[in-house]
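Asks: Attaching a single structure in structure tokens format; questions to follow.
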Amino acid sequence: MALQTMSLSGRKKEVSNKKMTFLERLYLWTIIKGMMITIGHLFTRKVTIKYPEQVRERSKVYRGQHLLKRDEQGRENCTACGLCALSCPAEAITMTASERKPSEKHLYREEKYASVYEINMLRCIFCGLCEEACPKDAIYLTESKVLVPSQYDREDFIFGKDKLVMPLTEAMKNAQLKNAN
Amino acid sequence: MHTITLLFILLSAVTVATAFLTIFSKNPIHSAIYLVICFFSVGGHYLLMNSQFLFIVHIIVYAGAIMILFLFTIMLMNLNKEDEVHKPRLQRWSAVLFFFLLCAVMMLIFFQSKPIVGDYDDLGTDYQSIKVLGKVLLDSENGFMVPFEFASVLLLVAMIGAVLLSKKEKSS
Amino acid sequence: MDTAIIIEKSVLIVAVFALTMLMAMYATLAERKVAAWLQDRIGPNRAGKGGILQPLADGLKLFSKEEFLPDTPNKFLFVAGPAISMSVALMTSAVIPWGDKLEIAGRTVIMQATDIDVALLYVFGVLSVGVYGIMIGAWASNNKFSLMSAMRASSQMISYEVAMGLSIIALLMMTGTLSLREIAAQQSGMNWNVFYQPVGFLIFLVCSFAETNRTPFDLAECEAELIGGYHTEYSSMRMGFYLFAEYASMFISSTILAVLYFGAYNYPGMQWAVENWGVNVANIIGFLALFAKLCFFIFFYMWVRWTIPRFRYDQLMRLGWQMLIPLAIANIFVTAICILWSDGNLF
């Protein structure tokens with residue numbers, strides 16, 4: 001079988017340049033067929049989602065803005081080991097570690113914590129490798145359910161702990177939920 | 001003054017003014033547009049005589065078809081001042097002379113003709129209806145069948161001539 | 001002329017004018033809505049409930065835009081173009097019979113602005129003049145793309161006017177009158193002309209698409225080849241006038257289609273309604289029937305627009321001159337033979 005006559009896609013259609021008859025040249029029948037197709041679409045379900053009121057459901061593995069988690073007692077999980085920064089292919093994460101003081105026991109779970117934790121959202125590719133690398137379950141991309149918003153300045157895209165750490169109220173709510181269960 | 005007289009004067013003024021402007025305006029497009037306005041005011045005269053059919057046909061044929069084709073060709077030709085054809089002086093003066101001669105002949109005809117005194121007869125038929133009009137035009141006994149058919153033959157000949165002219169260019 | 005007639009006619013004229021404007025306004029919304037529905041979308045839904053105020057918002061936007069005047073040698077004609085288009089589009093509605101008659105305070109009011117004998121020819125006359133608005137405006141724009149588009153529009157309109165006129169002749173041979181009022185009255189009951197003149201109706205329908213410059217014959221407007229079309233140089237409300245005129249003429253031609261071929265204000269059982277419910281109620285229902293018919297045609301225009309791609313220009317001309325005109329002439333012959341046969345004059 002020659003290559004020219006073979007149908008690679010299985011949908012090959014021979015082009016014919018045959019002269020149209022008078023009736024065909026009036027285009028009437030084809031026009032009616034086309035109109036029937038479009039009128040069918042008039043009654044099909046509309047796919048539009050009215051955005052501000054309605055939000056499209058996200059996939060379960062959807063990755064958005066990072067969240068630094070707290071445990072049930074409201075203590076930060078992160079121990080500033082730096083594995084996330086190491087695993088990050090885009091080199092978006094930087095951090096500074098400090099030692100926990102005795103008076104800060106209710107704030108941080110481990111003895112070491114990140115005093116500065118910054119993610120450059122312009123560099124981040126939301127691959128989720130930091131989440132996989134974290135041994136302490138501290139960083140998640142799937143839990144915040146927010147998109148990284150747009151900004152006017154480059155500096156505003158460097159998210160510090162103020163934006164990344166889970167709010168205390170949410171941690172308390174999680175704790176209550178766990179107790180109730 | 002009577003309203004109709006006033007309208008007549010107004011329309012006539014527009015007709016004459018636009019007719020002159022048609023001739024005198026330098027821009028061919030402007031003169032074509034003036035001619036369109038002229039046709040409309042002539043249509044107004046028909047309306048004053050209560051001949052609606054004539055008015056509408058006049059508008060459709062002259063303003064709606066012929067003048068649009070005119071404008072069409074003028075716009076496509078893109079006439080400039082340099083392209084203006086200068087006729088020889090002899091031709092121009094003879095044109096003026098013949099125009100005045102024609103005027104004289106027409107004036108003489110108007111003065112010689114006897115004016116019909118008296119009112120128009122009210123025949124009681126509605127000449128706006130196409131039924132009556134068709135009977136008048138196509139009745140073979142007391143209608144205008146022969147001139148009407150002659151006009152149609154004339155138009156047909158003109159059409160064939162136009163087709164022939166356009167075909168001839170192609171073959172050569 | 002007594003004052004009652006003047007008042008009556010002025011009220012009618014204002015009502016018809018307002019209706020035309022309103023319909024043209026909401027046709028813009030309907031166009032976008034229908035387009036959206038046919039494409040499985042929702043369409044404009046932010047201005048007002050379900051987008052009901054969208055035309056107002058559009059108008060406001062057009063009004064607040066800069067009125068740009070190109071460097072043209074003829075400013076007067078540039079302004080005159082859209083004005084001619086608009087006024088011509090509005091003029092046609094004067095002769096349309098919106099209903100038979102009403103009885104108000106012992107007077108018989110004809111639901112028609114003017115009942116002239118040559119109404120149908122008047123419509124044609126106004127249609128043929130409509131090209132001027134586009135041509136003059138485009139020429140005065142001093143832009144060769146505008147001019148090119150005007151050439152397309154006008155040659156298309158002139159070509160299709162021939163077929164349109166010929167298709168109407170077959171209808172006139174049956175009705176024997178040019179008065180739209182009489183044509184409407186003749187179709188009482190279910191004697192709609194479309195049943196007697198299906199081919200004529202089809203030709204007329206296709207030609208009215210071409211006359212209103214609607215898809216599939218919207219070659220006057222083309223972004224790829226002509227930048228925009230004849231209104232390339234126009235902005236603000238002048239441009240709005242052109243667009244508005246297009247929708248107004250669409251409304252008018254839908255009405256004419258309904259009046260000529262789909263029985264105008266007649267609906268089955270109108271005679272019964274006149275006898276039992278009175279003239280006024282019957283005619284108001286008649287008006288609503290006409291309105292429903294013309295709304296269907298407006299929808300049909302949009303339906304076609306969002307279904308069929310446009311013709312190529314040579315296809316357009318071939319369809320007009322080589323298909324529709326012979327078909328219309330054949331239709332005239334067949335109609336003539338049928339009329340003679342039914343009168344018993346044949347053979």
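From the backbone N, Cα and C atoms, a Cβ is placed for every residue, glycine too.
It should be emphasised that the depicted structure is a prediction, and the values quoted were computed from it without experimental measurement.
Okay, these came from TrEMBL:
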| type | residues | note |
| --- | --- | --- |
| TRANSMEM | C:12-29 | transmembrane segment |
| TRANSMEM | C:76-98 | transmembrane segment |
| TRANSMEM | C:119-140 | transmembrane segment |
| TRANSMEM | C:160-180 | transmembrane segment |
| TRANSMEM | C:241-264 | transmembrane segment |
| TRANSMEM | C:284-304 | transmembrane segment |
| TRANSMEM | C:324-342 | transmembrane segment |
Asks: Does the transmembrane segment (C:284-304) reach the transmembrane segment (C:241-264), going by 3 or more CB pairs under 8 Å (6 or more apart in sequence)?
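Replies: When sequence-distant Cβ pairs are counted, the transmembrane segment (C:241-264) touches the transmembrane segment (C:284-304), since at least 3 lie under 8 Å.
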Asks: Go through C:76-98, C:119-140, C:160-180, C:241-264, C:324-342 and flag the stretch with the largest number of C-beta pairs under 8 Å relative to the transmembrane segment (C:12-29).
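Replies: So the stretch in question is C:241-264.
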Asks: Under 8 angstroms, Cβ to Cβ: which one of C:76-98, C:160-180, C:241-264 has the largest number of such pairs with the transmembrane segment (C:119-140)?
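Replies: Going through each listed stretch, the top one turns out to be C:76-98.
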Asks: Looking only at residues six or more beyond either end of the transmembrane segment (C:241-264), which have a C-beta under 8 A from one in the stretch?
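Replies: Hits for the transmembrane segment (C:241-264): 20-21, 23-25, 27-28, 31, 81-83, 85-86, 88-90, 92-93, 96-97, 120, 123, 130, 133-134, 137, 168, 171, 180, 183-184, 187-188, 190-194, 197, 200-201, 204-205, 208, 211-214, 230-231, 234, 290, 293-298, 300-301.
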